[in-house]
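The structure appears right after this line, and notes come after that.
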Amino acid sequence: MESEHHQRSNPSQSGFMQSFENLLNNCRDSRKLVLVVVAIGLLLDNMLLTSVVPIIPAFLYELNHRQDLAKINRSMLDTSIEDQTVTTKTSIKEDENFLAESRLLSYIFSPKSSLYQKLSPDCEKVIEDYIENQFDTTTGIDSLAPNITISVPDANELRHQELVDENTEVGVMFASKPIVQAFTNPFVGTLTNKIGYSWPLFMGLILLFFSTMIFAFGSTYGTLFIARSLQGIGSAFTSTAGMGLLADKYPDDRERGNSMAIALGGLALGVLIGPPFGGIMYEFIGKSAPFIILAMFALFDGCLQLLVLQPKVVREEQEGASLLTLIRDPYILVAAGSITFANLGIAILEPALPLWMMDTMKSSNWEQGAAFLPASISYLIGTNIFGPLGHRMGRWLAALCGLLIIGLALLYIPMATDLSELIVPNALIGFAIGMVDSSMMPMLGSVYAIGDVAFCLGFTIGPTLSGTLVLWFGFAGLCTTTALICFAFAPLMLMLRDPPCTNLQKNQKTQHLCNDKAVKYHTYTMKMIDRQRIQIFQLVIIMRSIQESIRIIINVKMMM
């Protein structure tokens, strides 16, 4: 009986498995499902990218004071103030320890400080007695906290200077990711030429998972710097392979514009969720919580990729056009430059805006993250609107308007006095960047590596120079300088209105950016041979050298 039962059940089981395999095969052949996988990968990548924006500045500020706080706790608990003989009040200028102590106290008693909640009762009593003796006050520690600026006149000024100084440290950490990503992109291009897109896309997810876990448990600047750099490698694999896969699946200009708009929508959603997600989780749960959650989502997406893409080696025999040919085309340079300078608008704000809000608005962690929420929402809207609309109205016109809007919004941001006044300018910046990205990326088509390098350059120059420019010009000067750059580059978009066609293009051997016709990118592929990889490295190194030279000149002028 049992054998008959097994014989009857086996056909049904085999039929179910056959149906399931057919379903999987249909899913793997579906371009839409591939688009979903790429969009989810970009979502996770950019959630990790932006979740650290409200976390890193506040965490580094606490990290820089934690060691000083421990020393003060030990010294005050070991030595009772009552045993000290104080005959006269020492003036501020005469007391060599007063500066460090006032800086620490101004931070400890800030209502926004998490360390304010971590003092032991004994230490609170000792500090209260110390403040009463030092500043001749009779108020308790709780009532002193909001009024510390009255007892210590220089506290706000000292805190302001510390936050300004921290701009460079935060900016360098933020810039490490796009720098590493720009250097990794050529290797990814070569790798996709040899093994296809699926394995690099999966490897990028694995690297993002490890980067997320390092962020979760890292507690030093060096560890966080390594995590940020590792994220750059993972992002290069994820974004370049993912967008290149879409360009391969959607050769028609109209379809490619729509698919990339959806993929950029996943990117925008990550940017949208990241800052408030990171800020709220860090404020109310802790630093590790948002990164552990992101790691779990990364594991889920990894399983989805294994199921749908089924990574395999697919060699491409077709050789791409040389990078030298591409960068000689002024229209490609203009299209890539628009991506760089558009993203520069938000890149300079990522390290500088949270610190400026802490300084001028006394904002909390979640408020710093929420400040980027309007930009993220409007970016999501802009990419989905101007993906198809850019094809109709002209991608050059959409990019030109986007650059002008970014410049105007940057001019207004320094005038804001509270969080509500940042909503409109940040929303305009996000919407305008969405206009530029969704219009220019399809024009570059499968030469996505160039577009990604352009994106990385914007997020390299912005965070790296923002700290130095804040020290030199101030936050308002930083925003004004970036706005002028956007205004100056915008007229170049007129070149893309009707670029000339070449004989090579007529023969369909190479394709320049020509009108809005459907383009078959036969040789302008992102798959790069060794010679192209070397040329891209030379280009990135030259840009990096120019950037470092500008930074050195600025630092020298500041010291004069």
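Using the three backbone atoms N, Cα and C, a Cβ is placed for every residue, glycine included.
Remember, predicted model here, so these are calculated numbers, not experimental data.
This prediction places the mean pLDDT of the domain 'Major facilitator superfamily (MFS) profile' (34-494) at 73. Taken from TrEMBL, the feature domain 'Major facilitator superfamily (MFS) profile' covers 34-494.
The transmembrane segment annotation in TrEMBL covers 33-61 (among others).
Per TrEMBL, the feature transmembrane segment maps to 199-219 (among others).
Feature annotation from TrEMBL assigns transmembrane segment to 259-282 (among others).
Positions annotated as transmembrane segment by TrEMBL: 288-309 (among others).
The annotation transmembrane segment is assigned in TrEMBL to 330-349 (among others).
What TrEMBL lists as transmembrane segment is 369-389 (among others).
Marked as transmembrane segment by TrEMBL: 396-416 (among others).
Annotated transmembrane segment per TrEMBL: 447-465 (among others), in sequence order.
Summarising the annotation, TrEMBL assigns transmembrane segment to 471-496 (among others).
At the 8 Å Cβ threshold, with sequence separation of at least 6, the transmembrane segment (259-282) lacks contact with the transmembrane segment (471-496), having fewer than 3 such pairs. Between the transmembrane segment (369-389) and the transmembrane segment (471-496), fewer than three CB pairs separated by 6 or more residues in sequence fall under 8 Å, so the two stretches do not touch. Remark: the transmembrane segment (288-309) makes no contact with the transmembrane segment (471-496), by the rule of 3 or more CB pairs under 8 A.
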